[in-house]
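Take a look at the structure below.
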Amino acid sequence: MASGCKIGPSILNSDLANLGAECLRMLDSGADYLHLDVMDGHFVPNITFGHPVVESLRKQLGQDPFFDMHMMVSRPEQWVKPMAVAGANQYTFHLEATENPGALIKDIRENGMKVGLAIKPGTTVEYLAPWANQIDMALVMTVEPGFGGQKFMEDMMPKVHWLRTQFPTLDIEVDGGVGPDTVQKCAEAGANMIVSGSAIMRSDDPRAVINLLRNVCSEAAQKRSLDR
């Protein structure tokens with residue numbers, strides 16, 4: 001079985017001048033993990049932060065929070081060890097960014113991290129299939145990666161459904177434009193890891209939003225198990 005429904009706030013939409021406090025606010029509001037977007041200005045047209053920030057967050061937040069690193073970088077091989085040393089728990093790289101996913105998966109595992117594999121909206125989901133049994137999580141982007149606050153792409157849901165059908169025990173994450181108005185579609189398609197940025201970060205009651213997202217996801221998962 002997949003690991004259950006989990007909600008990971010994307011800190012891309014947080015007050016970056018108070019990043020540690022923002023992460024604590026999310027964890028105190030019931031977040032299951034933190035989704036950390038690393039962008040290099042090459043793979044995507046934006047720059048965020050790198051492993052020194054991750055190391056600082058780990059020192060401030062302690063060992064318990066799970067850091068899911070979304071590596072939107074053109075050379076994901078370069079940052080495996082630095083991210084592992086900094087305290088990352090999962091290294092999610094883009095299939096489009098490497099010519100040798102197998103070697104990269106092996107390197108990530110040897111550095112003690114879980115493996116996530118992401119695909120952009122324009123990438124055919126079947127290209128991910130050869131690696132599905134070697135990874136811990138598949139990430140289906142529901143916006144073009146690079147910036148927060150974009151409109152959710154509902155036409156990505158068949159990819160999620162295909163992955164859930166073909167690989168029923170795989171963790172499947174969705175990222176981009178996901179919030180209370182769109183999570184139902186994601187959950188019904190089969191996603192069990194929900195990344196949400198603006199909807200949580202900009203809410204007056206982030207705990208309520210996180211609980212709503214988790215409840216919708218859990219109910220859909222329960223219905224799928226009953227329908228089998």
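One-based numbering along the chain as shown.
Just so you know, glycine gets a Cβ as well, placed from its N, Cα and C.
Keep in mind the model is a prediction, meaning the values are calculated, not measured.
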Same-site residue for divalent metal cation (record: Swiss-Prot; known: His35, Asp37, His70; options: Asp171, Asp175, Asp181, Asp204): Asp175
Cβ neighbour count (within 10 Å, all chains shown) around Ser10 (substrate binding site): 24
Chain-internal residues near His70 (divalent metal cation binding site), provided their CB is under 8 angstroms and they sit 6+ positions away: His35, Leu36, Asp37, Val38, Thr92, Gly116, Ala118, Leu139, Pro145, Asp175
